[in-house]
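Chemist: The following feature annotations were taken from TrEMBL:
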type	residues	note
ACT_SITE	B:Glu326	active site, proton acceptor
ACT_SITE	B:His327	active site, proton acceptor
BINDING	B:Tyr127, B:Gln189, B:Asn212	NAD(+) binding site
BINDING	B:Ser237, B:Gln259, B:His262, B:His327, B:Asp360, B:Glu414, B:His419	substrate binding site
BINDING	B:Gln259, B:His262, B:Asp360, B:His419	Zn(2+) binding site
Number of protein chains: 2
Amino acid sequence: MLKVYNYNQLSATEIQKLTLRNTDAGNEIRETVENILANVKQNGDVALREYALQFDKVTLDNLFTDENELAKLTERVSDEQKEAIKTAYQNIYKFHKTQFRQEEKVETMPGVTCWRELRPIEKVGLYIPGGTAVLPSTFLMLGIPAKIAGCKEIVVCSPPQKDGKINPFIAFVAQLLGVKEVFLVGGAQAVAAMAYGTESIPKVDKIFGPGNQYVTKAKTIIQSTTVTAIDMPAGPSEVLIIADESANPVFVAADLLAQAEHGVDSQSVLVSTSQQLIDETIAELEKQLPILPRSEITKKAIANSYAVFTADLLEAMDFSNQYAPEHLILATDNWKLITEKIINAGSVFLGNLTPESAGDYASGTNHTLPTSAYARAYSGVSVDSFVKKITFQHLTSEGIKSIGKTVEILAELEGLQAHKNAVSVRT
Amino acid sequence: MLKVYNYNQLSATEIQKLTLRNTDAGNEIRETVENILANVKQNGDVALREYALQFDKVTLDNLFTDENELAKLTERVSDEQKEAIKTAYQNIYKFHKTQFRQEEKVETMPGVTCWRELRPIEKVGLYIPGGTAVLPSTFLMLGIPAKIAGCKEIVVCSPPQKDGKINPFIAFVAQLLGVKEVFLVGGAQAVAAMAYGTESIPKVDKIFGPGNQYVTKAKTIIQSTTVTAIDMPAGPSEVLIIADESANPVFVAADLLAQAEHGVDSQSVLVSTSQQLIDETIAELEKQLPILPRSEITKKAIANSYAVFTADLLEAMDFSNQYAPEHLILATDNWKLITEKIINAGSVFLGNLTPESAGDYASGTNHTLPTSAYARAYSGVSVDSFVKKITFQHLTSEGIKSIGKTVEILAELEGLQAHKNAVSVRT
C-alpha cells in the first residue's frame, strides 16, 4: 500500500528523486491557457459568458451575485454551520491581526532617519475554487488578511454552481467579510478577468488563491507578462509526517488520509524512526481508507505516496528539509527537541494532538501555503502578502552633511557624476 | 527639453498612457534567453566558458575569483573609498538589522497556540551587474540582508572585467561580507547557472539582483518554470519628483539628471504645483546636463521624460499613485502633509535636503526596488526577502477539545470526511 524506503540505503540521487515534484506540470496546457487569456483580454464579458456555458454549463444573465442574492443564499446555511464559520473567522482574524505592525524609525547617522511604512495593496483579486470541491475556508484565509491590511477593493471570483448561482457557504463568508458581490467566473478565465479587467470585473494589482492546473498556469503567465502580481505558484497539496515511537498510528493514518483525499496528485509522506509505527500505520490505512466517501481519489494519492525509515529524528528532519513540505506534522512528544532544526516548511503542526486539519480550517494560521518544494524560498499567505512595505528617509541639514562625502565618493567610483552632483548642490 | 502636461487637461486614458511602462520589453529576446538557459542547463561550465569568450571577450581558466585573489584585488581600492564603502555598509546594516524580528505567540482559543518563526532561505544567489557600470553598492544592498537573515550559502555572480578578473570594488565588498569567492559569470547565463547549478556554481533557492533585459527575462522564465524564486522583475530605473514652490530648481534638476544618467530607458518625471518651478527646473537642466560625463545617455533619457503641472499637492500625489514610482522625492517643505496619501511607491525621499542618491548608496534603505509600476503590489528588497516566515501551531488536549467541533463541521460542509476524521480520532 505504501512504499517504504530506508533512508540510510538511499543515495543522494535517490533522495533527490523522492523529494522531486513536477513544478511545471501544466506546461502542455500553456497554449490552451494563453488562448483563454487572449480571448478574455480582447472580448471581456462576452468571452466570460462563453466560457461559463462551455465549462460550467450555465447561461449567465449577470456575471455576479449581488448583495441581496448573497443574503438570500445564506439562508441555506444552518445555524451550526454559521457558528463554525464564525469561530474559524475569529481565530484566523486574531492570529493575522498581529501581523500588521508599523515599524520604528532608525537614525543611521546624525540627521539621517529611515523607516518603513505598511500600505495596503489597493486592489486585490481572490480566486475561490468551486468545482468539485467548494472551499469557503479558502475565502476566509484570503479575505481576512485582505481586510486587516486595508485593501480598498476586494474582487472575488468563484465558479457558478449548477444553478448559475454562487455556493451558499461562499455567500455567507462574503457577508462576514463585507464583500458586496461575488463574480461568477472560474478557471483561467477568472485570472484573466482580474488581470486585464473586463466590463464587469475590475482589474486588480495582485491575484490570490489556489486552483487547478489551468488557474495556476494562468497565474504564472500573468506574473511574467504583466505588472499584476500573484501570491505564489501552487501545485498539488502535500503533507510530511515525522513520527517516532510516541506517535499514535491511528492519528498518523488519519492525517495521511486527510491529505490524500484532496486529489489524486496529492502526496502524503511518512518519515519515521520506528519500523513498528510504519507497519501499524499501514495497517491502519487499510482499515480507514475503504470507508471514506472519497476513497477512490484517496487510494490513488496513497499509491503516489511513501514512507521513509530513519535512524533518528535528526535524520528524519534532514529528509524533511530536503523535501520542503507544505505541511509538516511532528507526531512526537519530543517535538520541542527538533523544531529549531526546521529549515524548509510551509506550516508546522506540533505534537500528537495537532492535526493538519486544525490549521486547514480554524487554528488561526493560513492554509494558503507553498507546495512542491517552494517552501525553500516562499512563505505562506499572511497579512504581509496584502501590503507593501515602503521605505522612507529624511535628511536634515546635519544629515546631508554627515552622509554627503560618503555618497559623493561612492557615486564617483561607480562613474555616476550626476548622482554625486545631487549631493554636491545641496552641501 | 522636457514635455509639460497640465493634469486637469489630461483624460483618464492619457494619464494611463503617461503612467504606462513596458513591463515585457524583452519578449522579443525570449528565444535567445531560452537557448542560453537550455545550454547552461545541459552543458554547465563548458557553456559558461563559451559565453565568457563570446560576450565578455575573455578566456577564463577558473570560473571564480578566490579569497586570495579577492584580497589582492582590494589593494587597488583607496583608503578613502574603503572608508566610504564601510560607512555605507554600517548604515545599511543598522537599518536592515531592525527588520529581523521574531514574533510573539498568539493563543487563538484555550489550548490552541499559533506563531510564526523566521528561517533564512538556505541558498541565495546574488547577481551583481558589471558591464558598462560596475555596482558594488548593489552587492552591499543584497549581501547585507542575506547576512542578517543568516543565509547559509551566498553565491555571487558578476561578469569578468577585461582582465578576466572581478572588479576591485566588488572584491572589497566580498571581503566585508565574508564572501569567499565570486563567480565570473554575467548575463542570462549567470541566472541559469544559479538556477540549475553547474560543476562550479551551486544551485540556489532564490536569485536576487538587477540586470539588463537578458538577465531580467532569464529571471522571469526561471521563476515560472522552476522552483527557484526571484526577488522581483526589474525594469529600467525611474524617479518621480513632487515639487511645490518651496522646492529648489537646482536640486530638482540635479535629481532628475541623477536618475536619467542610469540609461537611455530611464525615466524622470516632475510633478509640480508651480509653473515657475517647472520653468526654472527646465532652465537648470539645460545648464547642468551638457557638462555631465554621461550626457549622451542622460539626454536621451530626459527626452523620454516629462513634467506635469497640477493644481495642488493632493492632485500631484494622485498622479504619483497612478504612476507608482520606484523612487518618489517629495521636494517640498510640506512633505509631512502628504506622506499619508502615498499608496504606491518603492522608496520615498522626504524634503528638499534628501536626494535619491543618498538612498542609492548610504542612507540605510535598500536600493533594489520595484520599477515599472510594480510598486503597486511589490516591496523593495529587505531582510524579509531572505527569510521564510513559517507558521507553527500547537494544540493541547484542551485545545483539540476547544476547536474540534468547529473543524468537524467545516470539514463536513466541504465534503472532506478524512479531514473530519483526523480530529474525531483524537477527541
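Keep in mind that glycine also has a Cβ here, set from the backbone N, Cα and C atoms.
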Chemist: So how far apart do the NAD(+) binders B:Tyr127, B:Gln189, B:Asn212 get, largest Cα to Cα in Å?
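Modeler: Largest pairwise Cα separation, rounded: 12 Å.
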Chemist: Restricting to the chain of B:His327 (active site, proton acceptor) and a gap of 6 or more, list residues whose Cβ falls under 8 Å of its Cβ, or answer none.
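Modeler: Looking at Cβ-Cβ distances below 8 Å from B:His327 (active site, proton acceptor), excluding near sequence neighbours, one finds B:Ser237, B:Glu238, B:Val239, B:Leu240, B:Gln259, B:Ala345, B:Gly346, B:Ser347, B:Val348, B:Phe349, B:Glu356, B:Gly359, B:Leu369.
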Chemist: Check each of the recorded positions B:Tyr127, B:Asn212, B:Glu326, B:Glu414 and report back the ones whose Cβ is under 8 Å from some Cβ of chain A.
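Modeler: Cβ contacts with chain A under 8 Å: B:Glu414.
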Chemist: At the level of the C-alpha atoms, what whole-angstrom distance separates B:His262 (substrate binding site) and B:Asn212 (NAD(+) binding site)?
Modeler: 12
Chemist: State the three-class DSSP label for B:Glu414 (substrate binding site), counting H, G and I as helix, E and B as strand, and everything else as coil.
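Modeler: It is coil.
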Chemist: Inside 8 A of the center formed by the CB atoms of B:Tyr127, B:Gln189, B:Asn212, which other residues of the chain have their CB, for the recorded NAD(+) site?
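Modeler: Residues close to the NAD(+) site, other than B:Tyr127, B:Gln189, B:Asn212: B:Pro129, B:Cys157, B:Pro159, B:Val185, B:Gly186, B:Gly187, B:Ala188, B:Ala190, B:Val191, B:Gly211, B:Tyr214, B:Val215, B:Ala218.
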Chemist: I want to verify one value. Collapsing DSSP to three states, which class is B:Gln189 (NAD(+) binding site)?
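Modeler: In three-state terms, B:Gln189 (NAD(+) binding site) counts as helix.
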Chemist: Take the Cβ of B:His419 (substrate binding site) and count every other Cβ within 10 Å, whichever protein chain it belongs to.
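Modeler: Excluding its own Cβ, B:His419 (substrate binding site) sees 29 Cβ atoms within 10 Å.
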Chemist: Is it possible to get the count of other C-beta atoms within 10 angstroms of the C-beta of B:Asn212 (NAD(+) binding site)?
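Modeler: So the number of other Cβ atoms within 10 Å of B:Asn212 (NAD(+) binding site) is 18.
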Chemist: What are the sequence-distant neighbours of B:Tyr127 (NAD(+) binding site), meaning same chain, six or more residues apart, C-beta distance under 8 angstroms?
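Modeler: Spatial neighbours, sequence-distant, of B:Tyr127 (NAD(+) binding site): B:Cys157, B:Ser158, B:Ala190, B:Val191, B:Met194, B:Ile207, B:Phe208, B:Gly209, B:Pro210, B:Gly211, B:Val215.
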Chemist: Can you tell me how many other Cβ atoms are located within 10 Å of the Cβ belonging to B:Glu326 (active site, proton acceptor)?
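Modeler: A 10 Å sphere around the Cβ of B:Glu326 (active site, proton acceptor) contains 29 other Cβ atoms.
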Chemist: I'd like the Cβ neighbour count for B:Glu414 (substrate binding site), meaning other Cβ atoms within 10 Å of its Cβ, all protein chains included.
Modeler: 19
Chemist: Nearest by CA distance to B:Glu414 (substrate binding site): which of the recorded positions is it, out of B:Gln189, B:Asn212, B:Glu326?
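Modeler: It is B:Glu326, whose Cα lies nearest.
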Chemist: Compare all C-alpha positions of B:Ser237, B:Gln259, B:His262, B:His327, B:Asp360, B:Glu414, B:His419, the record's substrate binders, and send over the largest distance in angstrom.
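Modeler: The span, Cα to Cα at its widest, is 56 Å.
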Chemist: Could you check the binding-site residues B:Gln189, B:Ser237, B:Gln259 and say which one's CB has the most other CB atoms within 10 Å?
Modeler: B:Gln259
